[in-house]
Every structure is written in C-alpha cells, then in structure tokens.
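Annotated in Swiss-Prot:
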type: ACT_SITE; residues: HIS115; note: active site, pros-phosphohistidine intermediate
type: BINDING; residues: LYS9, PHE57, ARG85, THR91, ARG102, ASN112; note: ATP binding site
Amino acid sequence: MERTFLAIKPDGVQRGLVGTIIQRFEQKGYTLVGLKLMRVSRELAEQHYGEHKDKPFFPGLVNFITSGPVVAMVWEGRGVIANARKLIGATNPLNAEPGTLRGDFAVDVGRNVIHGSDSPENAEREINLWFQTQELVPWEPALTSWVYEM
C-alpha cells in the first residue's frame, strides 16, 4: 500500500487545525500509520528542504519550520500521494481551491499550514528522514472493505 509523509507546520499547530486536518484524511479513508508532535531541529529542517538550499527563500523555510511544534505524520492508502496533494491544495494559498486545506485555512505562501510529499521518491525519502521504522504501525482498519473495492 502506498504511503506519504505529511507535516502540519507551526502555523497549523498554533491555529488549532491539527484535528481538522487529521479528520479530512480519515474521512477520505486513509490510514494513519505514524504520528508525532515534535520540535524540528535545524539539521532536520535543512535536510528536509535540502533541494532549496541555494534559493533565497531557504533560510526563511528553515526558520519557520523550526519556530514551533510540528505534527509529522505518515498516511497509507491507494493513491494517497496524489490525493493528499489534492486535499492540501496549491502551494500558494491564493491559488488553492476552496475545499482544500490551503484554500480553506491559509492566505500566505510562507504560512501555508501543511507539507505533503509530491512524489513516491520524496515520500520515501521524507518518511525515512522523519521516522524510524519502529515508529510506523501498520494496521488495517475494519472499514477498509467499505473504502476500497477488493
């Protein structure tokens, strides 16, 4: 089953959106297999955003993600990477559709509430960066047969 990494950023945590965000993914039928509230170290932030290291906005990304608590999550399900991106919405909230998390809860690209992996390769990299294998709990909800055609 496909997995993706999501992180509720400090603005989402501070604004009390954690439960709402988790609920959206549960209601879609995805399974939460990893969850932790954490303070992100500069080292982890720099590794996570490493692809942007030479860009002018890199220091701002690192400073923001380390500015407060983050909820790191791993979700599992068919098509979870692409569908999570749809649920999250465009990176710039001004371009995000209403009904998406960013369309409903964010107004500034620098405070866009949530991060989600954008590809299977990045999902694997980010999951391995943020979680140890033993922190992930594979399980099958009783509702699986009501979500997926077997």
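Numbers here mean position along the shown chain, with the first residue as 1.
Glycine is no exception: its Cβ is also placed from the backbone N, Cα and C atoms.
If you measure from the Cα atom of THR91 (ATP binding site) to that of HIS115 (active site, pros-phosphohistidine intermediate), you get 9 Å. Spacing of PHE57 (ATP binding site) relative to HIS115 (active site, pros-phosphohistidine intermediate) is 16 Å (Cα to Cα, whole number). ARG85 (ATP binding site) sits 9 Å from the residue listed as 'active site, pros-phosphohistidine intermediate', counting Cα to Cα. Listed in sequence order, ILE88, GLY89, ALA90, THR91, PRO93, ALA96, ASN112, VAL113, ILE114 are the same-chain residues at least 6 apart in sequence whose CB falls under 8 Å from the CB of ARG102 (ATP binding site).
The recorded positions under consideration are ARG85, HIS115. Their Cβ neighbour counts within 10 Å are lowest for ARG85. Of the recorded residues, the residue listed as 'active site, pros-phosphohistidine intermediate' and LYS9 (ATP binding site) place their C-alpha atoms 7 Å from one another.
Non-local neighbourhood of LYS9 (ATP binding site): PHE64, ILE65, VAL70, ARG111, ASN112, VAL113, ILE114, HIS115, each in the same chain, at least six residues away, with C-beta under 8 Å from its C-beta. Cβ neighbours within 10 Å of ASN112 (ATP binding site), excluding its own Cβ and spanning all shown chains: 22.
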